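Trainee: Supplied in structure tokens, the structure appears directly below.
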């Protein structure tokens, strides 16, 4: 009773109780893993049975009629392309599982109507109806069992862990596996009753089991008659004689009487149900009681986190993301309300108490100027995917980095401070995105102090660590941040809360109090951090502060690095406009050649342009640097390759990452991977296509195309039908015409204003016309498939309940019920049991519902249908049309993006946000040397790891109570699992030196 842990008996100890616990407790991955393995086994057995039976007969039959080959190819092809994003991966458990079951349902429902499956030894109709019946029976039985078991738990008759309710999906999954196994057994063995003479014959030949094993047909007979034989006669079990289904008598000629043998299918089903119940009982009661005798609720203890919970890249083309809708709303509010009316920067200026702007400690930080030299880093546009953001943060946190250079590795120490150039979290600024997408990766890379609390609000910054009196005495890494356009979507509210009123970004100390600042560095170097807001320019109060700083503080021989979020030198050239007039005025008229470097983010790539050698004299800005590779999706570089001049100065591109050629090749992914990367776009694409053709269902006059004798005639008739449907849609269909007009307007508006109006209209019309044509072709293909099946008497043969009526006749013939068990079940459930099976079969058989309703419409007109039947018809059409349309709409839209980005150099944002590329990440490290030169190193990682694990070196390193994380040799918590760790694969992609200003001469060494 007084022991610290549960006592284990010697017997249980000898049995390795930890292994017993793993198997018996709820932590063991049953039933999901078991169900998956059983499902694979069942499918393999079915394939073995099918492949060995008359496959050549199927091919012979299909060879006689090419239309069935075509229908099989089209059907399988469409379903494959729809399912391709989910093959081999789980994108989101809910949607991924839904898609798998959805595809399996409608694929089988359509496949079983096509001919020639019986030649393969598979009666699809019988198997489907049998599957549904067994599935309903299994669900009802297991549900009743779980209710009884929970009732026993409430009464205290079973252990307490039994109170953990099973997931309803787990029950459905196990019932599916049981039903498939029973159908596989019936496909080969049937419901044949085994006679005593047959059993004796079987036992007489047991000595030849090896020869039978080598012959596949005899092996299957052996399995049916011996290994999976019925349990015996019902007379052997008097208590169960009225609760079983009996086997079918198979004999030559007429058979007298009924069989007393229990159905082998029923005995197999009862065995599976019994195994499930026994395993569940042992797992939930016996296993817990034996292995957990203490009162400690071990399953409630916190488990050790073995891998990070990083968020995936933002799905910019998602039709279901609430974050994206919130982003659009916030942007509209910000542009409408804040721009030109209210500016947080004005409020920051009003809150300052120092009249002399140049002496304000809220904006000017000089704690670094007394050092001999200094290292600092720059990154921008982080807070998208967790893997990419952590990759960059892990590199920034290392005490030293060894970068590959093509020769000896370059060793660079960690920066004394970090500059972040905005866009801290995507898609919008909120507590969730800042904490999960921005703070979490940095805290994993360099942990905050142990005394720091995430909910703490810094009132009087800087709040110095223990033992440090002022900023000059603190030698840990610091961080200074400017906001980007995404940070301004909520009026800078979240940025002010998390950046200006918090003291720690992981292990980086944040002393800044405002959204813009100035840093005085050693040897005459300065850094200006400008806040451009949504205007793309600084406000007058901000301009006043930096102008006075230029006049009163910055010497003639000093040098300045200007950091902004947007690289207006590239964007102004691209969009053919001029922004940032106040910034240009500050640099050209106040700094007067002292601005050696302008750096920015916003574009998620790396590009450096340097001023060309000119005899005209010194330039306003010597180097232009863009580095937005901090964690967000990749942007192209080749669309900016023609940039040459800015503010009257000619520039040459020295480095681009990725290269122009790689950038063009990456864009090809829009054709090949658009839907795989943007599967949530299905909601938008499928609905749009269905609206375009909604009024065209059904097409009753397709006979003339089917009666053509040649392929050329069929194709000509098909093209004529498509054009006629298009004309009808535009002239008579209100819903489809409105949808087409809306699509046309959206397509034209979607083309960027960079192009002329005439070219925008032309591209928009071609884009919309491609979608409308594709939607019409898909609609006609679906209608042709249904028409062919109807004319070959594969659909619409009797009514909505064709499958159920056929099954009842087959059930009474092959599943004898002399005791009236089915009648008693119907009576006891008040008719619900057969009704559930009947309507579930109708709901399952969507093609039959669609074909029967279509036939009624073609005979009697649409007005003959009731409203409910019309809803059912259009729902059944949408169920299939959505599967056909979603891969096509993604292919066309992806091809449009590829053509636009590589041919017209437009949609650089849309065409690469769709790819959600986490690779090609980089940051820039600066070194102000003792001689006053500024060395610039840009480090990059081509491939970002996707899987992480606890770093054993981080875990093994001793952690002092008051030890700061930057003092550790291994500060980062996670390292890559399989692919090269970023610390080993980091490489140098750019290096240049900006010489210290001497007099009026400005030198730059490349």
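Placed from the backbone N, Cα and C atoms, the Cβ positions cover glycine too.
Caution: TrEMBL annotation is automatic and unverified by curators.
So TrEMBL has the following annotated:
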- 957-966: compositional bias 'Basic and acidic residues' (COMPBIAS)
- 378-578: domain 'Calcineurin-like phosphoesterase' (DOMAIN)
- 957-982: region 'Disordered' (REGION)
- 38-56: transmembrane segment (TRANSMEM)
- 68-87: transmembrane segment (TRANSMEM)
- 99-117: transmembrane segment (TRANSMEM)
- 129-156: transmembrane segment (TRANSMEM)
- 679-697: transmembrane segment (TRANSMEM)
- 733-751: transmembrane segment (TRANSMEM)
- 763-782: transmembrane segment (TRANSMEM)
- 871-899: transmembrane segment (TRANSMEM)
Trainee: Tell me the residue counts in helix, strand and coil for the region 'Disordered' (957-982), as DSSP assigns them.
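Mentor: The region 'Disordered' (957-982) comes out at 4 helix, 3 strand, 19 coil.
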Trainee: With pairs fewer than 6 apart in sequence excluded, do the transmembrane segment (871-899) and the transmembrane segment (99-117) have three or more C-beta pairs that lie under 8 Å?
Mentor: yes
Trainee: Name the range, of those listed as 68-87, 679-697, 733-751, that has the largest tally of Cβ pairs under 8 Å with the transmembrane segment (871-899).
Mentor: 679-697
Trainee: Quickly jot the same-chain residues contacting the transmembrane segment (68-87) by Cβ under 8 Å, restricted to those at least six beyond its ends, or write none.
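Mentor: Answer is 61-62, 96, 99-100, 103, 107, 110-111, 114-116, 675-676, 679, 781, 785, 788, 883-884, 886-887.
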Trainee: Same chain only, please: residues at least 6 beyond the ends of the transmembrane segment (679-697) with a C-beta under 8 Å from a C-beta of the stretch. Say none if there are none.
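Mentor: Cβ under 8 Å, 6 or more out: 85-86, 91, 95, 315, 317-321, 725, 728-729, 732-736, 739-740, 743, 771-772, 774-776, 778-779, 783, 873-874, 877-878, 881-882, 885-886, 888-890, 893.
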Trainee: So what's the mean pLDDT when you look at the domain 'Calcineurin-like phosphoesterase' (378-578)?
Mentor: 93
